[in-house]
């Protein structure tokens, strides 16, 4: 006995077979697992985007959305800003104002390692208003 498929599903199925998916640009294969990118709506084989089916399923329970590596790279490019000389002048002014604030004294100079020998063992990323 052959399976019956409605006309609409038959058309959509043919479209899917002609469309290429994943970074490997292959036609849809209903026997393979895909992860869907919530940013570009693309569908990818987990192994083609550096993960596994097991990991993708486990993460899907915890994470609200999946974003493919290409969308992550595109997003990182969008986040980068080119600053002008005027921007830098304003940033230096903000830094100077912070240094002059009455409560900024603990952050004006780096911590002396001789005076506090364990400081850099405990504090992995020290903060300060000084430039190293």
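Each residue, glycine too, has its Cβ placed from N, Cα and C.
According to TrEMBL, the feature domain 'PHD-type' maps to 3-74. Positions annotated as domain 'Bromo' by TrEMBL: 99-132.
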Mean of pLDDT values spanning the domain 'PHD-type' (3-74): 84
Residues in the domain 'Bromo' (99-132) grouped by DSSP into helix, strand and remaining coil: 9 helix, 0 strand, 25 coil
